[in-house]
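> Below are the structure tokens for one structure; questions will follow.
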Amino acid sequence: MATNPLVSGDLSLQKGPTGNNKSLSLKNPPTDSDQQHWLFESRGTYGIGNAYHDKNDRETGTKLAKFLDKPWKPLTRKTQVPPSVLSPYRFLVAIRLVVQFLFLSWRLQNPNFEAMWLWAISISCEIWFAFSWLLDQLPKLNPINRATDLVALKDKFESKSAENPSGRSDLPGIDVFISTADPDKEPPLVTANTILSILAVEWPIEKVSVYISDDGGAILTFEAMAEAVDFGHLWVPFCRKHNIEPRNPESYFTQKIDHTKNKKRADFVKDHRWMKREYDEFKVRINGLPDVIRKRCERYNHREMKEKKNDSSGLGEAAKATWMADGTHWPGTWFTPTTDHKKGDHAGIIQLMSRVPENDPVMGKDNEGKLDFTGVDIRLPMFVYVSREKRPGYDHQKKAGAMNALVRSSAILSNGPFILNLDCDHYIYNTMAIREGMCFMLDRGGDRVCYIQFPQRFEGIDPSDRYANHNTVFFDGNMRALDGLQGPVYVGTGCMFRRYALYGFSPPRAIEYRGIVGQKKKPAATLSPGRSLQAVRDQDHDLDTSKEEHPDLSLPKKFGNSNMFVDSIAVAEYQGRPLADHVSVKNGRPAGALLAPRPPLDALTVAEAITVISCWYEENTEWGDRIGWIYGSVTEDVVTGYRMHNRGWRSVYCITKRDAFRGTAPINMTDRLHQVLRWATGSVEIFFSKNNAFLASSRLKFLQRIAYINVGMYPFTSIFLVAYLFLPALCMLTGQFIVPNIDATFLTYLLIMTITLALISLLEVKWSGIALEEWWRNEQFWAIGGSSAHLGAVIQGLLKVIAGIEISFTLTSKSAAEDDDDIYADLYVVKWSSLFVMPLTICITNIVALIMGTARTLFSVIPQWNKLFGGTFFSFWVLAHMYPFMKGLMGRRGKVTTILYVWAGLLSITVSLLWITISPPDDLGKI
């Protein structure tokens, strides 16, 4: 028998473990062209990879269906940064590290005896900067890129097969969490638009549940969400019919694009105009809700007061209640605070805004000339309003406590094995984002992934991004690099969690990293998910995990007294497993296991959900300690992600071609600095807590540990940064410099370090995809934030740790925006804050020192030009970094507030007097 030398084996022998054609899947990816049909029908024998055919034309019994059976395909793939970029990048990092060490050695060996105090300050700062740079640079050495295959996801979970003959979706459920607390600070219209974008997401409708946590218990938020659901019955089918992107109506209708582009249906223009009118009316209703609610309350309170007066019992004047539309008292916070109805003291509320959807599609019809939804699924996902119970005397733990209440209530009501966490101003910009993130969770090895973090993208930022609000250096650089280690940190929003990981369990097949740099790997001794869950269910104390090397590695047991909640843990763990469709998939589930419809909700289930959001439920439990969102820090997001990584979980960074989510960020300088102050304060709290990465377990990779150490230590750089920013001014005022002489050795070291740093930055720009302007804005704001917000966070943290004193930096004066029509008007508003004091002092001191230093040199008998040029160069370096700060203080059209003139005058006088005191005039003609 003749054989084709390019082919090995017969089709009948190429079968995987399930009997399908899967064994060569990785080497021979499938194609969808008609070439496969032609090869089979014509029995062609040419080309690499062809099936063997007997030249005698004997039948082998192979059918076309078997020939076209698609092999196993992964849902994701990982690609390395090109070696042409990464290898020079690592080489330059090593070169700069060596040069930095040699430079510091040279500096230590050559002190400036004429100005030892200047030399001591400078060398201390430079040593710290080198250490800080190393902490920041080491985790960046292995950046990676990832891609997903949405077609493979659909083929695996939503296509007809032997296990799924109906083709019904076999995808797991997902619960989406939205958090809000104050409708005055977080406008209900913004939250409503976020909700609408979620209701229209591309995921099986019956497997999506949306929860909003209203931590203020405000009736305005409640009724705004009810209006959003009513409008959603029109908006969501409209989006599905015409494939609208984005599905946030405010964002969609304000886009300056041609909405008819790529729209094929003839009725799109009519539908678009009609929907725009409906949305305008919806906005009017939302914005008019405060007046509607207030008038309703006045009417009902007036009627109740008259009834009390006519009541012969004389019970006295009734409290001014807040009334719902059905004429009953609102159980949450009232406009007139009273007992049981004020912030921090109100009942728990759970309200299903939209009912549980049918398991089968519900097609619409022509709505009498308005919108024709024929052939469009008009179902909405289940939407639940939740306001947890609050009572005096309980520590409710702010946002972290609210998120844990959502975790428990959602486990009772829907129990989606995955949770998507979004802020109320972060909407879904890419309707396929959940599918892309789910590819990582459901792929081979996905059962070890605790969360998928998406990058944060922002709208409404000024075109120049004056204060680095986009933060692309962090989101496209640092986070992408961490993805090559154990995964990115959790940043509070745009994150998809595995519910089982949130419950404090260790991952299957965890790995320990031993040795100085974690070079020795070995499997960790962990319980399987089945044994762990059985121990929790039975409260088995024989399984003593308290002897683990780290407290985070022990088994969580104290979930509370809800048996229904404890029973839901095993279900969520099983439903979140990958599909066991390949021999390499560990801890998988069979295909078709999630086809059964969701059981209907009954009164007993809802009552249990109310119980688990009560204020006393967390007493004597591990919630906030090792289960759910972790308490004890204003940056509970970072701590929560760290705890998961510390147990051996890994996370994944999912960058989609179209932004997954978009939100808003403060463009005003004061608001931006206070935002950074909050983040830095949380980092200081982490450094002084048990969540310091120095105390991490052996399951945390070495470079991941370095990254978390940097998270806790970066605010302390501000102490050295402030000192270093004053150094040029001190050099100019005293006529001294940080080195004895500005000679060739000093300049050579300075030149080499500058060039290597510039080349490293260029290569970072290359592999991260950011722009040079974005990198420079980040450098500028690093100096501005480091000399203000970071320093304030360090002072605040030290006072709290050492003296137990908690202070806060608040705004002392405000001015309104000048132009309401300008979307960037807030950029020019100057709100004075105590955070301005230090950077303003740095700027004025350097300006005054430049003038005085120049005058000193010009009128000296023996001018020292080299020291003047050195001091001038570094002063301009400081002022170049502080330029956005100075520009922000000018406001619009260069207007300067009075307080700036006062500060400038005081500082100029102080600096002048200090200079005269340090270096008084003498007989040598010096000034």
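Every residue, even glycine, has its Cβ placed from backbone N, Cα and C.
Whatever TrEMBL says is automated annotation, not expert-curated.
Sharing the feature lines straight out of TrEMBL:
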| type | residues | note |
| --- | --- | --- |
| REGION | 1-33 | region 'Disordered' |
| COMPBIAS | 15-33 | compositional bias 'Polar residues' |
| BINDING | Ser179, Lys185, Glu186, Asp215, Lys398 | UDP-alpha-D-glucose binding site |
| ACT_SITE | Asp215 | active site |
| BINDING | Lys399, Asp423 | Mn(2+) binding site |
| REGION | 522-554 | region 'Disordered' |
| COMPBIAS | 537-552 | compositional bias 'Basic and acidic residues' |
| ACT_SITE | Asp637 | active site |
| TRANSMEM | 706-726 | transmembrane segment |
| TRANSMEM | 746-765 | transmembrane segment |
| TRANSMEM | 835-862 | transmembrane segment |
| TRANSMEM | 868-886 | transmembrane segment |
| TRANSMEM | 898-918 | transmembrane segment |
> Determine, using Cα-Cα distances only, which of these binding-site residues is closest to Lys399 (Mn(2+) binding site): Lys185, Glu186, Asp215.
Asp215
> Specify the count of other C-beta atoms within 10 Å of the C-beta of Lys398 (UDP-alpha-D-glucose binding site).
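Other Cβ atoms found within 10 Å: 14.
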> List the other residues in this chain whose Cβ sits within 8 Å of the Cβ centroid of the UDP-alpha-D-glucose site residues Ser179, Lys185, Glu186, Asp215, Lys398, in sequence order.
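The surrounding set, listed in chain order, is Thr180, Ala181, Asp182, Gly216, Lys399, Ala402, Cys424.
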> Whole-number answer please: how many Å between the C-alpha atoms of Asp423 (Mn(2+) binding site) and Glu186 (UDP-alpha-D-glucose binding site)?
10
> For the UDP-alpha-D-glucose binding site, please report the maximum Cα-Cα distance among Ser179, Lys185, Glu186, Asp215, Lys398 in Å.
16
> Tell me, if you would, which residue among Glu186, Asp215, Asp423, Asp637 (recorded positions) has the fewest other CB atoms within 10 Å in the structure shown?
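It is Glu186 that, of the recorded positions Glu186, Asp215, Asp423, Asp637, has the fewest other Cβ atoms within 10 Å.
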> Give me the count of other Cβ atoms within 10 A of the Cβ belonging to Ser179 (UDP-alpha-D-glucose binding site).
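Result for Ser179 (UDP-alpha-D-glucose binding site): 22 neighbouring Cβ atoms inside 10 Å.
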> Determine the minimum-neighbour residue: among Lys185, Lys399, listed as binding-site residues, which Cβ has the fewest other Cβ atoms within 10 angstroms?
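Lowest Cβ count within 10 Å among the binding-site residues (Lys185, Lys399) is Lys185.
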> Out of Lys185, Glu186, Asp215, Lys398, the binding-site residues in the record, which is closest to Asp637 (active site) when you go by Cα distance?
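Comparing Cα positions, the candidate nearest Asp637 (active site) turns out to be Lys398.
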